[in-house]
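Peer 1: This is the structure I have questions about; it appears just below.
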Amino acid sequence: MVTSADENTPLIVSGSRNYLSTNEDHEDATRHLLEADTDDDSISALQKDDPTCQLDLVKVPSISTGFAIDPGLERVSSAATVHVSEENIESQDGAPSRSMFANHFINVTPTKFAWIFGGIQIGYFIGFFDATFMASSHPVITSEFHASNSASWLTTAFLLTSTALLPLSGRISDTIGRKPVYIFSIVVFFITTAWCGLAQSIGSFILARAFCGLGAGGVFSMGMIISSDTVRLEYRGIYQSIINMTLGVGGALGYAGGGFLCDHLGWRGAFYIQLPFIFAYLLIAIWTTPDDLGRIDPKDETRSLRQLLKRIDLTGSFLLTVGLTALLVGLNLGGNVFSWSHPLVVFSLVLAAVMAVVIPIYESKVDRPVLPIRLLTKAPHAYIIFSNFFGGLAINSIMFNVPLFFQAVKSESATDSGLHLLWASFGITFTSVANGFLITYFNSLKPFALLGATLMFLGGFTTTALTFVDLPYAITIAFLALASVGQGFVFPTYTVSILAVNKQEDQASSVTTLSLWRNLGYVMGTSVSSLVLQNALRIRLYQVVTEPNKQRIIEIARKSVEDIVTLDPMHRGQVIQAYNTSLRITFLSATIWGSIMLLLTIMVKLPRLRRNEKELEEEETD
């Protein structure tokens, strides 16, 4: 069989009972597998002819493709990921096995995997419920603290810590093993969720959300990594669809259930009710997660824990966190709490500008950067990564502010405002699950990325339309769902795309970088949309609110959404008009980010997939 591949195309392994890897980081894995059987070596290569390179997804050795996996450390053998027995290999070649699913997994039984994967799903469900819970509940929480103009920090603090520390969890778990990092993340998530419910000031609550993001980020990333460690690549799409469904359902119930819980249990009770489920999740994780998963090979005496820790780009992570924090502080305080000329605002923005120069210079010089600059400077990688960034920016500009629109402009309860997003979230669930099957069936990526980007772009316009005219309920839901449906198509497609355009040894770093930039988009979407909203609202309130008590009315409108209904009819109408105009501008900003995403998606060239062994056999006969 003739093999060929260019330098940008990964060699994908095939064969009946052998697995060969071109990745030097997987030498140990290759040696163990070759010792199991060396009868029928064959390597299939990805044929790339612009714009449709072919990617085999048949009988590939499992590689870690979780969104927070170490992009630089050598992959370390573990009992759960490498030492595949002769019996397991035979089972995967079609020999009789105890379960039709046995060949899906790496050195774990179907029953063991069911417990592991079930625990991961609980974590994803609770984590996404908690993350989206803020969208419908933040007006209630900030109104109690009289800090509605600080609402963005409730979400921004959570996303900032989970994003900035995202690349580290995988690297640390490669050093000390998956289980310690996984359990630590769940414990942090449990403690900080309780802290949120106990917070007595807006400052304490924001700090609790920041640490909660640290725990939730570890839960998300380690769940994906452990799934990748235990499921073979050719079957991973099936389980990724299950994960997508869990994320969608958890997110949907967070949007809708958050408001409901706030109305009936109070926002503190909405946090307390999560604690028993998180504790049960902790017990399942302790019981089911293999102790040696991802652990350093004890036989390798050349690499100590200290040596491996030195290879983690802690400095890069620190610089990234400082830069992001400075930028968000400047954007959230400027024109909102302080004037743009305030020393703290100026200092924050200047520091962010300095970090924007320092970070690329530093990251280009380290061996294993937390932010690989090379991926941001070549096609199609740059198109894929920046499309995800602007997509995250667009979708959070809409989803974060829609509940505020219904509560401030339509005077609806937190429950009713969250229900508007429920159907949109189910749209994400349906399309993200269906998308995986559609990609597999049509063996194509570009059409689904283009469809998703187009829907997200149009979703900005349809959401803006709600600020112009009252529409029937069904049409309102359809307009809100458009961007969410697009999100379900485009983000999963791009995750597969970044794998398809990279060598095998670059896949972990590329997926990590993609997820990092997508999360940065989410962070900036919340922060920038809040910047637009608060500045537009401040200006508009001074334009439309009249005496008497003009200043007091403006302060009430900006600091407590719930108190708007207590105003006299004249001032209430003026405040609602100001909110409506400001939110219209905010939703229109989402169309700008969506248009950039759509343009990048039109320009990108994505590979075409090949998925069956018949085509491989035909190649071998040529």
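Here the Cβ of each residue, glycine as well, is placed from N, Cα and C on the backbone.
Any TrEMBL annotation is an automated prediction that lacks curation.
So TrEMBL says this about it:
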type     : residues : note
TRANSMEM : 113-131  : transmembrane segment
DOMAIN   : 116-609  : domain 'Major facilitator superfamily (MFS) profile'
TRANSMEM : 151-169  : transmembrane segment
TRANSMEM : 181-200  : transmembrane segment
TRANSMEM : 206-226  : transmembrane segment
TRANSMEM : 238-257  : transmembrane segment
TRANSMEM : 269-287  : transmembrane segment
TRANSMEM : 308-331  : transmembrane segment
TRANSMEM : 383-409  : transmembrane segment
TRANSMEM : 421-441  : transmembrane segment
TRANSMEM : 448-469  : transmembrane segment
TRANSMEM : 475-499  : transmembrane segment
TRANSMEM : 585-604  : transmembrane segment
Peer 1: Quick test of the contact rule: Cβ under 8 Å, at least six residues beyond the ends. What residues does that give for the transmembrane segment (448-469)?
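Peer 2: Cβ under 8 Å, 6 or more out: 387, 391, 394-395, 397-398, 402, 405, 409, 431, 435, 438-439, 476, 478-480, 482-491, 493-494, 497, 580-581, 583-584, 587-588, 590-591, 593-595, 597-598, 601-602, 604, 606.
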Peer 1: Can you say which of 181-200, 308-331, 383-409, 475-499, 585-604 has the most Cβ pairs under 8 Å with the transmembrane segment (269-287)?
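Peer 2: Ranking 181-200, 308-331, 383-409, 475-499, 585-604 by Cβ pairs under 8 Å to the transmembrane segment (269-287) puts 181-200 first.
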Peer 1: Return the stretch with the most CB pairs under 8 A relative to the transmembrane segment (238-257), choosing among 113-131, 308-331, 383-409, 585-604.
Peer 2: 113-131
Peer 1: What stretch in 113-131, 206-226, 383-409 has the biggest tally of Cβ pairs under 8 Å against the transmembrane segment (475-499)?
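Peer 2: Between the stretches 113-131, 206-226, 383-409, 383-409 has the largest tally.
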Peer 1: So, taking each listed stretch (206-226, 308-331, 585-604) in turn and counting its Cβ pairs to the transmembrane segment (383-409) that are under 8 angstroms, which one gives the highest count?
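Peer 2: Most contacts with the transmembrane segment (383-409): 585-604.
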Peer 1: Looking only at the recorded stretches 181-200, 308-331, 421-441, which one has the largest tally of CB-CB distances under 8 Å to the transmembrane segment (206-226)?
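Peer 2: That would be 181-200.
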